[in-house]
Each structure stands twice: as structure tokens, then as C-alpha cells.
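Okay, structure first, notes after.
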Amino acid sequence: MASRTLYSQRDPALKKRDDFEDILEERRNSSDLKYALKCYMPVLYKGVTPCKPSMIKTMVLQSEQLRYVVTELSKETGEATEVIQGEALAILEEMAHKLHLGTVRFFAYMLNKAFKVLYQRIRVNEDGIQRLQQAIQEHPLVLLPSHRSYMDFLIVSYLLYTNDLALPVIAAGMDFLGMKFVGEMLRMSGAFFIRRSFGGDRLYWAVFSEYVKTILRNGYAPIEFFLEGTRSRTCKSLTPKVGLLSIAMEPFFKGEVFDVSMVPISISYERVLEEALYARELLGVPKPKESTSGLLKARRILSEDYGNIHVYFGQPVSLRSLAQGRINRSQYNLMPRHISRRPGEDVQVFVNDVAYKMVRLQEESMVLRPWVLVATILLQNPHGVEAVWLAEQTAWLRGLAQAFGAFLDWPDHISASRAVASGLALHPNLVCTERGRVRLATEPKGPGARAPEEDLFNHAVTVLSCASYRNQVLHVFLRPALLAMAMDVAPTSRKDDVYSCFGYLRDVFSNEFILCPGAEVQDFDEACFLLTKCSAIQILKQDIVATERGRPTLSFLSAMFQPFLLGYQVVCRYLCEEVAESLPEKSYVAGVRSYAVKRILSGELACLEVLSSDLQKNVLAALLRMGALRKSKAGELVTLRVNKSAINTIENTLGGRVSTQKPVLARL
Amino acid sequence: MMGRGTAVGSRSGMASDRSGYGRQRAARQRLEVISGHLGRQEASGACEGRQADDVHRNAVPRRRQDVLKWNGWGFRDSKFLFNKKGLAELTGKRYQLSGTLMPGLKDWFEGTFGANLQHRSPAVPALNPSVVPPPNLHAAFVEALKEATIPCTHEPEDRVFHSHGHCLHEIFALREGKIGRVPDLVVWPGCHADVVRIVELACQHNVCLIPYGGGTSVSSALQCPLEESRCIISVDTSQMNRILWIDEKNLTAHVEAGIIGQDLERLLREHGYCTGHEPDSMEFSSLGGWVATRASGMKKNVYGNIENLVVHIKMVTPCGVMEKSCQGPRISAGPDIHHFILGSEGTLGVVTEVTLKIRPFPEYRKYGSVVFPSFEQGVSCLREVAKQRCAPASIRLMDNAQFHFGHALRPQTSMFMSFLDGLKKFYITKFKGFDPQRLCVATLLFEGDQNHVLNQEQQVYDIAAQFGGLAAGEDNGQRGYLLTFIIAYLRDLGMEYYVIGESFETSVPWDRVLDLCRNVKERIERECKDRGVQFPPLSTCRVTQIYDAGACVYFYFAFNYRGLSDPMRLYEQVEHSAREEILASGGSLSHHHGVGKLRKQWMQETISKVGLGMLRSVKEHLDPQNIFGNRNLL
């Protein structure tokens, strides 16, 4: 099993991490203009002769792969090859970047100004930069940053420019092109644009993949893209998309490059610019269309304090080492390499595993500020807590998180109460302190009576925003918490019962959290190890039991994930109670939402996180995966068919109301 | 890496040689020899050759160790050394380069490997017979051999000599005085009938036979299997070395399979012919060995590889003698049984006689060389030459590291010559803008009638010019070919100073040549680094043969092992990884070295499980007792 080798580190708390340095400090003391005009002479991939972006385009258009697809299409459609070649050129024009140093310098100047206003510090691990400098020269490079904010696009390039490293070519969604100037500006600073969906378009796929591969093969520039595909609105890592990654790996599989280095980059924001926007979006206010005027309006955010950014450049991961013993590259020997074909099962599984591994690496190096611990505690106590107790509790949680390997940015000399206070100060819109009690902020009831839905909606914005901070720490606690929940749910304390419940929960939640496929055993082992280490459980010969000391820990962990458990149950209940046999996919989210709102207003349900469309979509994906829902297509209309008994079973199992669930558990 | 052997001294004159000797004299001589052979055979049965042994005629005698090194490559009188002034020289008088001083080698050697002439790793001075395990003789078998008057011996020196080929690990062990399992008996059949008798007796007494030709294997093919408990007999074919007849109407020659390359070419030349088959090892390797390993010759573009040269093969197997009934140039009668023999690596029987195509000795020969700005452009040029099917007899492309290596082997020259070299260098690097760290050289050898050669030369240089190539003179070309057959001697020099090296080859489709070269070289470097080799290894390649659909690529790999605890193991691991990389990059298991025991583990991957089953069933049919028990290939 591959993932076994992927995680050899037994005790995550022993993980060695680099130190950070603030790069803004130097910027504050020197001229922005001088900085923007500085001499920029990056090191390049082993002796590559630098070429212009237009050269790349020519290479793509003349590539055998593209010519082959063009000929094939021409044969199929009867259209002249010149016409199709013309279409390919148009696609390429729309897609290709036009890296232009002047624009980069302009951006550098502007960003400098903006960063200095917005952020207290931008902290980067210098060792990571050093490693990157080495890696750039040795092998083609793929940069894989986490994606929490639009800022991610700019910040990596900004840092590489600052450190005199080769600027990456960045895959961006086509929607940016909707923004006047900005799209083109991004293009000139190295972005290239891909359509969000082009499933069946072979020509598009050919141009796109050849473009990426040409850049990679020639080591022309590092390629940067977001494995998660889109900005995570919840600050939880999203399950990775593998399309671009598998394209980037192909030159290695086909022997066209010796190796490819993949560098996970974790960008953590103490306060995300889009915070409130995300929460609204999750609650069903559609995402505003990208527009320049929108961006200008966003200027008011310049007046607020967004704390620190931490950027951690991870250890470059060698694709060759990962593929060693897993991929038989000679499978590509029997066909001309320009004819692309569907990758074999082994390759698909491998790409998927690597994608998960990289996202896990991103997660592990995400810097957590004390505030996320505070948010975690506050969400479990929606009616507020004593400030003193909050500080104590935060200190306790800090110890637990560190034991579990969290990358906390909390220097030893800062006391818990100070840490809590500074966190609260940075998020006045989310929390308020009254007479020594801290609670989530609610807007004061205005004079005019508002609809209860509106109040609910406003409160939910706060809760979801707050949850987005708690979410940042979930990956640290996920495995132990799944074990804690499994112990709650399991009919007995016998090891195999607990294990099968653990596996079941893991399976249910595998669209919600980053759980590497096929790594049940390792995850279970890790969970057992961590909980034993902090004396929360004892592993006996046959059983796993909670210790007296450990009960608070276990119940805290369970409570942390309770919203998800509840959320999944609520959706199941909705499908059982409100849906006859099938429903159109389009009305799913709205249906769940109105059901949940009803239940909340009636007081049956207290958990507002159920309203998050992200959660609802994850449940949908999980139910489809588990076969409790089926999609059927009739023309444009996609219908979901509900398998009620399966849904019932899932709901009951999650609620721990079943002891005779053998058939379901046997599936594991 | 096996040294490009050539008939001693015969090279120098050839470039200008048109028609060296009188036609009439040649014809007379030819007739005499032919009638002599035929008469002898008819008159006194099969084995006249045994007495007629031709100490004066053959380059290699029965007691090989008298002339050849027991623990290194080639002739005892020829070896490289650094003299007191640190200048390298090749001793002896056999080679054109013998006696010339090479002032550049020391610096290159020390600079490339981080070696030091003060740090020596000498071999044991002589074989200690007491470390050779006593022979496990089968008395009845030996008795029967004596009765059949077939010479044999169990002298330790002979047995040790027949226990190895020229893989690095084999020579390294000998230099350290380590002797493993060796044959128990060496036998010298004098003719086909002797071999028939030996195989009969072996079957009767259930002993193990290992055919031995020239002993130049680089695939561990001659190593005695450790698991073999029977008496092992090395069947040395060197005394079966006559040309039995020459057929000038069909241009074929019938030759005993033990003849070694240089003798074959020399004898044919006396009649005005040649086979044109010149593998790098032709000074020592035998006709039977070529057949058994699917050998390839440097000039295959004109003459073909061994499978294109053979017309008829006679092989003695435990089931009897296998041969075809006619000499038709091509036969459609089921799968070609020759292809069971070609590449069988001594697992099925002993090849005793072969009918080969011969060609009139070429009228005109010309060397040439081309400098390319980069290896990539050089490969493109070779590809185009292959496409236009205008390849000279030989065309080889060396990468930059080999270019520097070749440069280090330049002989000491006069002031004027070095001034001239300086000018050339200036022209290429400054005027033409070639980067000395990227440029590479192709060497060319043209052969045939003069007009044809000159036209072909023009065509090749025109193509080269399209890829930025500059003609770099005949001298450079010729020196390139001289170096190929002394390079194995250089390995012995390296081993005196803690540097070990080996070569290996593959064949690969054109579109993957560059990728394969880059990946394999880099893999070698990386494996060495990961395994703690202090100084970066020499990891270099050349394209040595071109085909319509691909090329043969040769890799050289050498490193300084001073301070490493188990250099052989490390070396083997790196070579193993390099082979994996070759296979993953679309290369073949071997182009002409064969599989032996060294590459056996990849056979199934290479020819599929079904294919392996087919070969196994042939082996089981022919040799159910595993008399030919060298355990190669399968």
C-alpha cells in the first residue's frame, strides 16, 4: 500500500520545521520603487536557453501531439486541417500567458504598497526559498500552493520575484478574464487561463495539455496551479482535482524529463480578505461576478488589519521517488508518445494518491494562530464563556494540538490570555466581549422587527466565518476525533467494532476532509497512537477504552466534529422525510436549506453550520459515492434518485442508533 | 567497452590502399589454399586441424595465458601505464598507438575521477594455484576423452582462465586473487566430429558442458553456476579455426566456428576477401561466439550484423546435429531454425561450422569526422542519415564527455601540430561559437569503391551541415576508431588507481534516443550520489549504430571507489538501476552483448511470459538433462 510509505513519520509532534522571517520588514525600510526596478536575474533550469512566451506558443502549435489531434478531428468532422489549426491557435491565444517583466515590476510595486497597509507581517521560511533555488536548477518544477484567497495568485510570484527566483506560470480560471485590465495584467504577470469545464472538447484538451507539458519539458518556468481547483470557502482543504497534476506528470512517465519536483506551498492567513464574502456565498448569496469595479469597491478593505500571512515552502517532492516501484514506465514504450491515451488504472490511482499526499503536506505546514483555537472553543460554546475560562481552555487545547503535531505560531513567552486577546482584537466583527464574557457577535436587534430568517441568516454568517477558522485546525484533530466518534457510535468497545466504525465514518467523511484513499489502517494506527500518547485511551488486548482522564479530551474532539455529523444526518433526514422518490439535482441545495431553516427556527436543531452549501454538496457527493443516491440524466435535467433504506441506514449509523448494522459494516 | 580489436598493424595502410597486391598472385594463392583444405579433409578425416595447430598462424594459442593476461584485458605485452613523468603510454608494439606518449591523460584522469597517481590499488601479482579449488573430475568421462584422443587438461591456470568473461566484477575478483567456482576440465576439440563425440560422452556420463569461444563475454555468460554440482567441462573451440572452403561463385566461406575475428579476416584477406564483421572484440572473440550472442559489427551498415551474414550453421546438440539441408539465401519453411541458435548463448549446444557471406576486400577506405554544436543536433543528423539510407560503413556519435576523453588521449605532438590544433580550436569555439562544454563529435568510416565512397561522403557531410556540423578531418575520425580497441586496456589502468568502470549498451527507437541518454546518464549520477560515491562518476554515452527505426547506444560508467567499503556491490546496484532506467525509457535489454546471467532477470519482461515459455520448451526438447548447463538466458 502506497500511502504506508507516504507517511512514515510516526509522531507528528516531532516534525522538524523551518523558521520564518518577515519579508515586509525590509520593504518597510526601503524604497518601493527601487525594489520594483531591482535587477532581476533568476537562476534557471540547468542550462535552459530562455525563450519568449511566443516561442512556447509556436512549439505547441507545431507539436506532434497537437498536429495528430488536428488531423484526427479533421478526418472525423470533414473540416479542413487549416480551420482546426486556426481554432487551436485561437484557443492558445485565449489561454497563453505573456509574461512581461514590466508588468511584474508594476505589480511588485503595487503589492508592496498594499501589503504594507493590509498586513502586519508576511513571514516566509527562508530555508524553503533556498531549497527552491536549488530545485529550480535541477528539475522541472511544479508549485502547488494551497488556495484560500485571491491573494494566493499574487503572493507566490511576489515572493519569488523578491528572492530573485524564476517566476512561475500560473494556471488560472477563465473567469478572471471577465475583469477588464486585471485579466490581461495577470496574463502579463504569468497567468494562463483555462476554461472551468471542457470535458468533451478534444482540441481544447490537446492544446491545453501540450501547453503545460511544453513549458514543463523545457524547464522554461515553474508551473504553478491549485490542486484544490478553487478557493476553499471554508478554509478546509478541498479534495484535490487531478487533471492538471496528471498532465504535469506525463512527461516524466513518458521519459521526457528525468524527474519533476513538486513543491507544496502552504499559505495561511490570519484573517482572510474574503472572509465575510465566503460565508455569504456558502449561505446561498451567489458569488459576485469578477469585475474590476468590484475590486475597486473592495478598496475599503484596505482600511482594516489582516494580521499575518505565513508562507511555507515545503520540501520539494521528487515524482520519480514517489513513482518508484509503483509505475511501470515501460507501459508507454509501445505507442508513439504523441498519441495520448487514457492512463491506466495504476497511473490514475497513483496520481490520485500523490494529489492527496500533496494536499496533506500543504495542510501539515499550515501555520495556525492562537485565534483558531479560540474560535474552536467558542463554536462549542455558542452562548459565550468567561474570558478567564476561555484562556485556560485555549492553553489546554494548545497542548493537545501540539501533541498532535499542529504547526502553531504561538511563541512560548506569550501567555494564553494575551494570545486570546490579540486574536479577539483582530476579529471584532466575529466576537464581542461583555462584562468578562466572550461570545460570538450578533448584530443588535434593530428597531424594526425583521423576519426571523434574516436574523438567522446574519447569525449564520458569523458562525460560518468563525467556523472557517476552526476548520483550519481540523486536520490536526481529524483522525483522533474520528476514533473518538467511532468509540461513541460503536456498539461495543471491541477493537474490531471500533475499527469498523472508524472505517465507516472515514468513508462517509472522505469528501469532507482529506483522507487518503486506502489509508484506513494507517489513519487508525495514527489515531490510536496519538490518543494513547495523551493518555485519552487505553488499548487493551481486545478493546479500546477511554480513560477517566481522557473523557474530556474525547468529548471535546467529538464535539469539534459534531456539526459535520449533524449536518450529514440532517441531509439524510431531509431526503427521507421530504423527498418522495427523486428530486432534480438543481433543487437539492435549496431544498436542504429550507428544510434546515425550518428545523432551526422550530428549535429542533441548533447547529447553524448545516446551512453551509459546502457541507451540503459534500454530503451529496458522499451519498452518490456510497450508492444511496443515484444520478439519472434526461436531457438537460439531472435527477437524483433516493434509495431510502440506504439513507436511513446511514443516518442511523451516524447517530449511533444501530447495533445491528452488520450488512453495512461488512461493506468495509 | 570490449576493446575494438583489429588485425595487428593492418589498419594504418588501409586508408590509401586501393588494390594492395597483384591479382594473379592472389588468385593462385587462393586456389592453393582451397585445394589444400579440401584435399586434407577428404584424405584424412575430420581432425587434421588438431596437429596442424598453428601456433604461428593463430593470434591466440591453446594455452591462452601464455599470450593473454590472466586478470585483465588483451595481450600480456600491451598495457597502459603512467611513466615516471606522469605521461601515459601503451606498452608493446602491437597497436598503432603503442609507444606514443599521451600527456593529457593524467590531468583528465585525476580531474574526472578525483583520482591521484599516488593512490594505487594494485592487483595480486600472479595466480596462486593453491587457491583454485581442486577439480571435481568424472573419471569415466576423462577416460573416454583420452580414448578419443581429444586434448584436455585440469591445470589450475587453464581452468581459471576459462572461468570468466570480462565483466567488471569478474576481472575485479581476479585482480584481488579471489577465485570462485571454476570449470573442472578444459577440453579442446579439433573439429566438428570431436564436438559430436564430446557431447555424446557428456550425455552418457551426465556432466555439464560450457562452450567457450573467445572468452570476451560481458554478461557473466561464462561464469560457472554455483548450484552446478556435476563436473563442469569448458569446451574451448579455439582449435577449430580453419577456413574449410571458399565459394567464390556464391561469395561464401565455410569456416570452423572457433576461429577468432582477426584470424578470420586475415586469412580471408589473403584471398582478397573479408566478412566485414568487426565487433569491438574481434581481436579475441570467435565466430561461434558471435552466432551464440547475436553479435553486431561496427561496419554492419555495409556488411550486416551476424544474423545477416550467416547462410548456414551446424550445431551439435544433445539430441544430435542441427543444420539445414541447403544453402538457399532465404527459405520459407517455418520459423528460421537459425534463430533458435543465434542468441542461444551456449544453452542448446556447440556451434561447430558456419557458412558466412564474404565480400571482396574493399577497394577504398576513408575516415572522417564531424563536430556538432550539441549532442541533440548530432543525433538529429544521424537520424537523417538513417532516413536517407546513406550511412557510411560506420558512423558513431560521441557525447561531450567522450569528446573530452578522446581529447585527453591525443598523442604528444610537435609544436607546429599543437599550434595547428590551437587554431582549429579557436575556429570552432570562437569563430563558430561552439560551446566546448556542449559540442560533440561524430566519427565516420567509409568503405567501398572510390566513387561510391566519395559520393556518399559528400551526401553525409551535406546532411551534417544542415544540423550545424562542421567537418573535422580524417585524423580525428581515424583516432576515434583507434581508441575503441584500446579502451578496454584503459579500464585496467583505471583499476590500478581505484577507478572502476564498465560499459553497457541498448537499442532504442529514434524518438527516444535523447531522452534515454539523458535519463540513464542522470540516473547513474544520482544513484552514485545517493550511495555515497564522493566524486561524481563518469557517465557518458555514444550512439554507435544506426538503423531505419532506431539506434544502438553505448554507455560508459566509471567512478573512483577509494574509501568505499563494497565497491562491487555498489557498482552492481548502479548498473542494475541504469538497466531499469533503460527499459523504462524505451530501450532494449541488449543490442549485442546478450543476456547471460547478468540480465536474465529481465528476460520475461522483455519477451513476455509466453515468449519465455517458447524458449524453455526448445531447451527442454533439445537438452532435457541440461548438459549445456551454463544457465544463461532462461
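Along the chain as shown, residues are numbered 1 onward.
Cβ atoms are placed via backbone N, Cα and C, with glycine included.
Ranges compared are B:1-25, B:576-600, and TrEMBL records region 'Disordered' for B:1-25. On the backbone, the CA of B:A295 (FAD binding site) and the CA of B:R396 (site 'Important for enzyme activity') stand 17 Å apart.
Spatially close to B:Y554 (active site, proton donor/acceptor) yet at least six residues away along the chain are B:S503, B:F504, B:E505, B:C541, B:R542, B:V543, B:T544, judged by Cβ distances under 8 angstroms. Closest in space to B:R396 (site 'Important for enzyme activity'), of the binding-site residues given as B:P211, B:G214, B:G349, is B:G214, taking the CA atom of each residue. Averaged over the domain 'FAD-binding PCMH-type' (B:179-361), the predicted model reaches a pLDDT of 96. Counted within 10 Å of its Cβ, the other Cβ atoms near B:S217 (FAD binding site) come to 30, all protein chains included. Listed binding-site residues: B:P211, B:G214, B:G349. The one with the lowest count of other Cβ atoms within 10 Å of its Cβ is B:G349. Reduced to three states, the DSSP call for B:R491 (substrate binding site) is helix. When the alpha carbons of B:S217 (FAD binding site) and B:R491 (substrate binding site) are compared, the span between them is 16 angstrom. Between B:P211 (FAD binding site) and B:R491 (substrate binding site), the C-alpha separation comes to 26 Å.
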